[in-house]
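Student: Here's a structure for you.
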Amino acid sequence: MTQFRIAPSILSADFACLGQEVSRVIEAGADLIHFDVMDNHYVPNLTFGPMVCAALKPYASVPVDVHLMVEPVDDLIQSFAAAGADIITFHPEASRHVDRSLSLIRDAGCQAGLVLNPATPVQILENVLDRLDMVLLMSVNPGFGGQSFIPHTLSKIRQVRTMLDEYQAQSGRRIALEVDGGIKIENIAEVAKAGADTFVAGSAIFGQPDYQAVIDEMRARLAAV
Ligand code: DX5
Ligand code: ZN
């Protein structure tokens, strides 16, 4: 049976008390903490860097999932690994040498992943599957929380699920498939049915007063898949 994981994105948390927000959402049942790094260059928004990640690390009793929306990526890979990241993903368009950047992540002791934007073709994954621990499919254009899920992503999730299943059959290694953007209670089951196993949710969780109620309901919907 698929192990589903819920990864709240602290992009939608209260930035005035991020440490408590991380603790609260873990108590509410988060499996990962999703950390959205934006540089106002690769994406038109600016968030937080490795110093904030290091400051939050003591609050994070679950793995820290760092999503780099930055260009270039290589220096920040090293900084985030040192700051306590457990998983680091980046966008292939933002690296001149994707294979090298993926190796840097693993060499630094972290799990590595590629992030595909809604318009990025999935073929880019084919030559680097051995280097991947995770694939992250964007279901919105990166840069902001609170956007609507782009429905076309569902067929892309199915396409990548098939690719990863075939890879697992021949290699024995399972690569996680995470989806990011516009995930809510109402659509999480559909996204899981398409083949995702890890779900980023920002506004759907942090936009409600009771984080546990949202996460419990998401798990109930997943249990029915
Ligand atoms: C968008 C970020 C997402 C974002 C998701 O660029 O990568 O992680 O926080 O936010 P919601 O769940 O509100 O769409
Ligand atoms: Zn993200």
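For all residues, glycine too, the Cβ spot is worked out from N, Cα and C.
All TrEMBL annotations are machine predictions without curation.
Among the features that TrEMBL reports, substrate binding site is placed at SER9, HIS67, GLY143, PHE144, GLY145, GLY146, ASP180, GLY181, GLY182, GLY202, SER203. What TrEMBL lists as divalent metal cation binding site is HIS34, ASP36, HIS67, ASP180. Per TrEMBL, active site, proton acceptor is recorded for ASP36. Sequence annotations record features per position, and here TrEMBL assigns active site, proton donor to ASP180.
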Student: Of the binding-site residues GLY145, ASP180, GLY182, SER203, which one sits closest to HIS34 (divalent metal cation binding site) when you measure Cα to Cα?
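Tutor: Out of the listed candidates, the nearest Cα belongs to ASP180.
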Student: What does DSSP say about SER203 (substrate binding site): helix, strand or coil?
Tutor: helix
Student: Round to the nearest Å and give the CA-to-CA distance linking SER9 (substrate binding site) with ASP36 (divalent metal cation binding site).
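Tutor: Rounded to the nearest whole number, the Cα-Cα distance is 7 Å.
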Student: Would you list, in sequence order, the residues of this chain other than HIS34, ASP36, HIS67, ASP180 that have their CB within 8 A of the centroid of the site's CB atoms, where the site is the one recorded for divalent metal cation?
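Tutor: Not counting the recorded site residues, we get ALA7, SER9, LEU11, PHE35, ASP65, THR89, LEU136, VAL200, GLY202.
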Student: Can you give me the same-chain residues 6 or more apart in sequence from HIS67 (divalent metal cation binding site) with a CB-CB distance under 8 Å?
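Tutor: Non-local contacts for HIS67 (divalent metal cation binding site): HIS34, PHE35, ASP36, VAL37, THR89, VAL115, LEU136, ASP180, VAL200.
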Student: Identify which of the binding-site residues SER9, SER203 has its Cβ surrounded by the largest number of other Cβ atoms within 10 Å, counting every protein chain shown.
Tutor: SER9
Student: Over all shown protein chains, what is the count of other CB atoms within 10 A of the CB belonging to HIS34 (divalent metal cation binding site)?
Tutor: 25
Student: Relative to ligand 2, which of the binding-site residues GLY143, GLY145, GLY182, SER203 have a Cβ found under 6 Å from one of its atoms?
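Tutor: The ones that qualify number zero, so the answer is none.
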Student: What residues, ordered by sequence, lie under 8 A Cβ-to-Cβ from GLY145 (substrate binding site) and sit at least six positions away in the same chain?
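Tutor: Expected: SER9, LEU11, SER12, ASP36, GLY202, SER203.
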Student: Does DSSP put SER9 (substrate binding site) in a helix, in a strand, or in coil?
Tutor: strand
Student: Just name the most isolated of the binding-site residues GLY143, GLY182, going by other Cβ atoms within 10 Å of its Cβ.
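Tutor: Counting other Cβ atoms within 10 Å of each of the binding-site residues GLY143, GLY182, the minimum falls on GLY143.
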